[in-house]
Amino acid sequence: MPRDETPEREHAEQQSRQALEEEVRELRRRVEEAPSRVRALEEKLLEVSGALAQTQAKNEKLTFTLQQAREHIQNLREEVEKLTQPPSAYGVYLAANQDGTADVFTTGRKMRVAVHPEIDLAAVRVGQEVVLNESFAIVSVRGSDVIGEVATVKDVLDDGSRVILLGRADEERVAQVAGHLQHPPLRVGDSVMVDPRSAMVLERLPRPEVSELALEEVPDITYHDIGGLDRQIEEIQDAVELPFLYRELFGDYRLPAPKGILLYGPPGCGKTLIAKAVANSLAKKVEQVSGRSVRSYFLNVKGPELLNKYVGETERQIRLIFQRAREKAEEGVPVIVFFDEMDSLFRTRGSGISSDMESTVVPQLLAEIDGVEALRNVIVIGASNREDLIDPAILRPGRLDVKIKIERPDEQAAREIFARYLTPEVPIDAGEVTTLGGGDAEKAIAVMIERTVERMYATSDENRFLEVTYQNGEKEILYFKDFSSGAMIENIVRRAKKLAIKREIAGGSRGICLDDLLASIAKEFKEHEDLPNTTNPDDWAKISGRKGERIVFMRILLHEEEGQTGGRAIERVATGQYL
């Protein structure tokens, strides 16, 4: 190798070595700087990731806002469409046609309109309200209208689908009956609501005046609840129950059932109780004989409330009551129409002072009882404490056939009435049970009742009540027993029970004792010292059940020992409670 090439080679190697060393140093520097660069890149990656997440959240928020805006715009469009739609008309459904159309009454005229496919006309009733669109097609079905005019059914036409109505000023018109009112059909006299535009009867209205006056409830009173009236109960059973229980036997003898019964007598002696017990007992007896469940109907007519200031209203209500009774009787069940305070409605014609109302009311009742339309399975029972005021035509045979006097209770009847209220279920004082009954509560009650009745019916000076002077100059002493009644006996027992309750509350003994009953009698007599007050002596005598010579003067004997010896003319004082 030439000598001159050696330095050049060494120089080249040196340069190459330097370059390699430089490259090594660069690589070492890069290796040393790599972790910091990695950390920087990681930090930058985190920043970019956070920015991306923020951008995504913004995008989601913008998307949600955009969706809300779209929905709001859609709602606004729907509202605008609703506001710009033409109004829907209402109509009354009349009938369906074979071609799928329907007849409706709307805007004062009858129209044949199309029906939306989703509406089933078979389920739509006549008289229902329908909604029509701008093309007068039925798009919806509603219930019947709830407002209209009130009218009264005068007559029922066809099969009950049409009726003749009486409206304002007795104007008559023919109207169609809505489908839901045709079964059961309307009856003559029913109060209904009618749509005057379509002449459609939409609703049957209750008649409060008739519903309140004639109650169809069957009372739960039995003959066992009535004490001291065994003879009267037997008479009314013979008159009412036998004709219904043995129809064939009565038919063999050609003996018609009585049409009516009059229960008369002083107030508070059980007239209304007997009438209630009749309805209850009659249904049970008929059920036993026939073997089928029978419900009797008791139409309780409150006499004074039937009176009406408008001419003909009282007569109309009497007709409605008997019409209802006939409808119930057609089912083959007994119906009792009970007129309480009968003298207030059916007074003797011509006896009115300020009106002649009775001149039309009495004939209406007579026509209902034995007119052209015979009463079958219907019994009229009247109750009154002034039977002398009732028109004689009502009391004649063939109308109110049976007349039963409900008298004031005697001593035996009083014992039976007391026994209805003083029963072993009522707490009795333990001392009385031991002393009077020897440990037997029922025996103690019997002794208490016996002594109470003896005190109540004694004709001693402490029981003297009135001295009455008759027109012929005779005088008579009346005792409290002459004015006793079942209501008075019930009130005495109530007072005794109240005394026992107050004594037990105060820490005393429990139960009723004899002293409670005796104290109650004294208090009852004390409170009724003004019992005979009346403006007319004859009225007092008749209502109290004492008939005969006219009473012209009376004086109270209850407090005579206290210096009140003077009498008082009864014309100067007000009407009393019981008499």
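Keep in mind that glycine also has a Cβ here, set from the backbone N, Cα and C atoms.
Here the structure is a predicted model, which means the values were calculated and not measured.
Per Swiss-Prot, the range carrying the annotation region 'Disordered' out of 1-21, 64-84 is 1-21.
Look at Thr272 (ATP binding site): DSSP puts it in a helix. Each of the binding-site residues Gly268, Gly270 was scored by the number of other CB atoms within 10 A of its CB, and the lowest score belongs to Gly268. Taking the mean position of the Cβ atoms of Gly268, Cys269, Gly270, Lys271, Thr272, Leu273 as the ATP site, the remaining same-chain residues with a Cβ inside 8 Å of that point are Leu263, Gly265, Pro267, Ile274, Ala383, Ile406, Ser485, Gly486, Ala487.
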